[in-house]
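Going by Swiss-Prot, these are the annotated features:
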- 1-24: topological domain 'Cytoplasmic' (TOPO_DOM)
- 25-45: transmembrane segment (TRANSMEM)
- 46-70: topological domain 'Extracellular' (TOPO_DOM)
- 71-91: transmembrane segment (TRANSMEM)
- 92-99: topological domain 'Cytoplasmic' (TOPO_DOM)
- 100-120: transmembrane segment (TRANSMEM)
- 121-131: topological domain 'Extracellular' (TOPO_DOM)
- 132-152: transmembrane segment (TRANSMEM)
- 153-161: topological domain 'Cytoplasmic' (TOPO_DOM)
- 162-182: transmembrane segment (TRANSMEM)
- 183-211: topological domain 'Extracellular' (TOPO_DOM)
- 212-232: transmembrane segment (TRANSMEM)
- 233-294: topological domain 'Cytoplasmic' (TOPO_DOM)
- 295-315: transmembrane segment (TRANSMEM)
- 316-350: topological domain 'Extracellular' (TOPO_DOM)
- 351-371: transmembrane segment (TRANSMEM)
- 374-394: transmembrane segment (TRANSMEM)
- 395-404: topological domain 'Extracellular' (TOPO_DOM)
- 405-425: transmembrane segment (TRANSMEM)
- 426-443: topological domain 'Cytoplasmic' (TOPO_DOM)
- 444-464: transmembrane segment (TRANSMEM)
- 465-485: topological domain 'Extracellular' (TOPO_DOM)
- 486-506: transmembrane segment (TRANSMEM)
- 507-542: topological domain 'Cytoplasmic' (TOPO_DOM)
Amino acid sequence: MAKKGKEVLNALDAAKTQMYHFTAIVIAGMGFFTDAYDLFSISLVTKLLGRIYYHVDSSKKPGTLPPNVAAAVNGVAFCGTLAGQLFFGWLGDKLGRKKVYGITLMLMVLCSLGSGLSFGHSANGVMATLCFFRFWLGFGIGGDYPLSATIMSEYANKKTRGAFIAAVFAMQGFGILAGGIVSLIVSSTFDHAFKAPTYEVDPVGSTVPQADYVWRIVLMFGAIPALLTYYWRMKMPETARYTALVARNTKQAASDMSKVLQVDLIAEEEAQSNSNSSNPNFTFGLFTREFARRHGLHLLGTTTTWFLLDIAYYSSNLFQKDIYTAIGWIPAAETMNAIHEVFTVSKAQTLIALCGTVPGYWFTVAFIDILGRFFIQLMGFIFMTIFMFALAIPYDHWRHRENRIGFLIMYSLTMFFANFGPNATTFVVPAEIFPARLRSTCHGISAASGKAGAIVGAFGFLYAAQSSDSEKTDAGYPPGIGVRNSLLMLACVNFLGIVFTLLVPESKGKSLEEISREDEEQSGGDTVVEMTVANSGRKVPV
């Protein structure tokens, strides 16, 4: 690596933790706060949408979204997210992280508002408009994954880099919690202001006209935190690593870094001949043998583990309400009015978020640079597997009223170890182990693989969790394999996560250039290197 360029990057790695590091966490993290709020808040209002738009006169049960509509409403944002992760991940490497960072946020703001303003002449028309806006909302959310992770990894020092990236991702927990709290406040306010009988007393009167405002307000609220951080995102300079390693402008990199971090460094413009173009192997692209040789197993590890994790994680999160209903923790729908049902579902999800989801994220932040990424991910998958089997095998035991608290504790622990485990580490590792010129792209590919898993979870679990008894299925659904067997399947998915975690290298305590071998590339070396995974002595070829 050219001397001046290496000085800039070494200064970043050695920089003390400063106020701007925390500012960057908040700026990037508020995007993830919004991401989680928008992606998970829909699960709080889907039952209300069914009551409002798909009520059937003389039916003994409140209206529910038809299977295809429910699948679309729950899953379309993930389809957009997958596309956004691939597109903006690639664009972040081509144009720079900063240039496209504001676009993703504005998409989130506009489409959050659009979701709440969905319209149509018929029920299906309203749902189609909602799905349109939620697809593009997901597209913006998708871009935030690779860009936020890459920006934070390239700003951070090597000592606390894992904690900084994990802290950005941990804002998801607050987003999920905020979704539940906002929904609680809105539904409680409307429930007290517009009294309504239960469905079994008055099927039509149980859904007051004002209920249509509840879901719209909940969805539109997601625009506020994103809008508040737009200005600060636009003020962030390009990362020094992108400017020095990809744009090849060391002088600008040093200048940008000095503006935000307390590091005095003067760099001169470097000749192009000093760049890593001296050896063709060191300018390899994504679809080359050289990339496959150096990083193929790494990319396979990050994509498969994120895919498997999101099948279990998103199916569990999106359909908490169905699991709670199945074990009897949430009363039968006909015993509540429409708005009170939103309140009840929100209360359950908020409790789980408070007890399991949020603490898990911040345990990762606290321990990731101590225990390492590999250990935390492996531990998380192991405990998720154990708790899923513990929920599924004695499932009938948990359905008894006196055992419901035990079920909720086990379920909370599953969510805890998902977040103090692979849900955080699958986000952190791809931002560290790939070269700067491909870092955002590879993170986008890994994240898109995760969202493919989320789509499988969102669409598959919706049908699979239906009772095998056709008389007990929700309206319009074919018989499924039941909640118990669905939980068994998720436990097996988590076990596969343990296996594929063995392909993921440890990146704790190393500089980004050391992990990705860019320091070797820049110096023109051609040494075969191995990366030690965790502290086990096991090595993965790179």
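Please read every residue number as a count from 1 along the shown chain.
Glycine too: its Cβ is placed from the backbone N, Cα and C atoms.
Here the structure is a predicted model, which means the values were calculated and not measured.
The listed stretches are 25-45, 71-91, 351-371, 374-394; of these, 25-45 has the most Cβ pairs under 8 Å to the transmembrane segment (100-120).
For the topological domain 'Cytoplasmic' (507-542), the model gives a mean pLDDT of 59. Under the criterion of 3 or more C-beta pairs below 8 Å, with sequence separation of 6 or more, the transmembrane segment (374-394) and the transmembrane segment (486-506) qualify as touching.
Against the transmembrane segment (405-425), stretch 295-315 has more CB pairs under 8 A than any other of 295-315, 444-464, 486-506. By number of Cβ pairs under 8 Å, the transmembrane segment (71-91) is matched best by 444-464 from the list 162-182, 295-315, 444-464, 486-506. For the topological domain 'Extracellular' (121-131), the list of distant contacts is 49, 53-54, 65, 69, 72-73, 76, 115: same-chain residues at least six beyond its ends, Cβ to Cβ under 8 Å.
When Cβ-Cβ distances below 8 Å are used as the criterion, the transmembrane segment (444-464) is approached by residues 67, 70-71, 74-75, 78-79, 81-83, 85-90, 92, 142, 145-146, 299, 302-304, 306-316, 318-319, 426-427, 430, 477-478, 480-481, 485-486, 489 of the same chain, each at least six residues removed from its ends. Sequence-distant contacts of the topological domain 'Extracellular' (183-211) (same chain, six or more residues past either end, CB-CB distance under 8 Å): 41, 44-45, 48, 51-52, 55, 57, 59, 61-62, 217-218, 333-340, 342-343, 345-347, 350. Residues 123-124, 126-127, 199, 203-204, 206-207, 211-212, 214-215, 321, 333-334, 338-339, 341-342, 345, 462-463, 474-477 of the same chain sit 6 or more residues outside the topological domain 'Extracellular' (46-70) yet have a Cβ under 8 Å from a Cβ within it.
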